[in-house]
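As given in TrEMBL:
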TRANSMEM  15-33  transmembrane segment
TRANSMEM  40-61  transmembrane segment
TRANSMEM  139-164  transmembrane segment
TRANSMEM  198-217  transmembrane segment
TRANSMEM  229-252  transmembrane segment
TRANSMEM  258-276  transmembrane segment
Amino acid sequence: QNSSEMPETITSRDAARFPIVASCTLLGLYLFFKIFSQEYINLLLSMYFFVLGILALSHTISPMMSRFFPANFPNKQYQLLFTQGSGESKEEIVNYEFDTKDLVCLALSSVVGVWYLLRKHWIANNLFGLAFSLNGVELLHLNNVSTGCILLGGLFIYDVFWVFGTNVMVTVAKSFEAPIKLVFPQDLLEKGLEADNFAMLGLGDIVIPGIFIALLLRFDISLKKNTHTYFYTSFVAYIFGLGLTIFIMHIFKHAQPALLYLVPACIGFPLLVALAKGEVTEMFSYESSAEILPHTPRLTHFPTVSGSPASLADSMQQKLSCPRRRRQQSPSAM
């Protein structure tokens, strides 16, 4: 509702429930595809992700596109306001402020959206998938390393069970025609852009380790040593784990749960570095603060700023001193 609101923080309780909720959702989708017509389900999902994908991609490319606009670009401000009721009982439902540059980004994203809707091309799918992943990492925060270990450990078991124990995960991934996965053409050299034989990587295998790596980046900054040791270690560990996943998949010719290799790598490598540097206690006692890093405004609302610097500083101080009401939405809604 408000872009100044802090990102959704995943607590240890949320992390423990996450694999259970994810399992119920996955099984529900599997039963849906078995009971109902796959064609109509995918048509509905395509329209749903068409809208979400355009908004997510527009939000993602907006900072980058702003650099390409000339200084004399006529950038007009607009506001979309929906209210409910009248008088003192009037309540804002949507208050979305945007400018001409945002409209240009939205138009470019719409072109990708139409391309995806009509062709289901793998490049359009990947553009939307990357946008969802970046927004997911931005809007979800872990509060400490222990919570991250609980979340990654639970999803480690979840991934292994649903891939090796049943055919549910693979069936849903192949049936679900929506940008919830990145696809990599294995016949790119033979067929070029018209490739149709793909390897898949679910967005959860990007976002879940991604929010843990982002937590370690905030931990690096909190140490005030002007180094990003834990961030770079976990980032390299992610690349190593993903490469190992691909290698094992080609050796055994069977779908592999990526988190089986990513979780030990993303937790183990930084932990070894902490042991070597004698900072294990600091790592596990660290509590993430969302104020450490600047937060990109959310797509739903871009607030205007007015007033003197002194009055703005007082206002910010009052907001930070007030306890934030926790949002009720479960992070598993992602």
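A Cβ is built for glycine as well, from the same backbone N, Cα and C atoms used for every other residue.
Counted over residue pairs separated by six or more positions, the transmembrane segment (15-33) shares fewer than 3 Cβ pairs under 8 angstroms with the transmembrane segment (258-276), which leaves the two as not touching. Comparing 40-61, 139-164, 198-217, 229-252 for CB pairs under 8 angstroms to the transmembrane segment (258-276), the maximum falls on 229-252.
Counting same-chain residues at least six beyond the ends of the transmembrane segment (198-217), those with a Cβ under 8 angstroms from any Cβ of the stretch are 10, 22, 122, 129, 132-133, 136-137, 140-142, 144-145, 148, 151-152, 155, 159, 173-174, 180-186, 228, 230-231, 233-235, 238, 241-242, 246, 249, 258-259, 262-263, 266-267, 270, 288, 293, 334.
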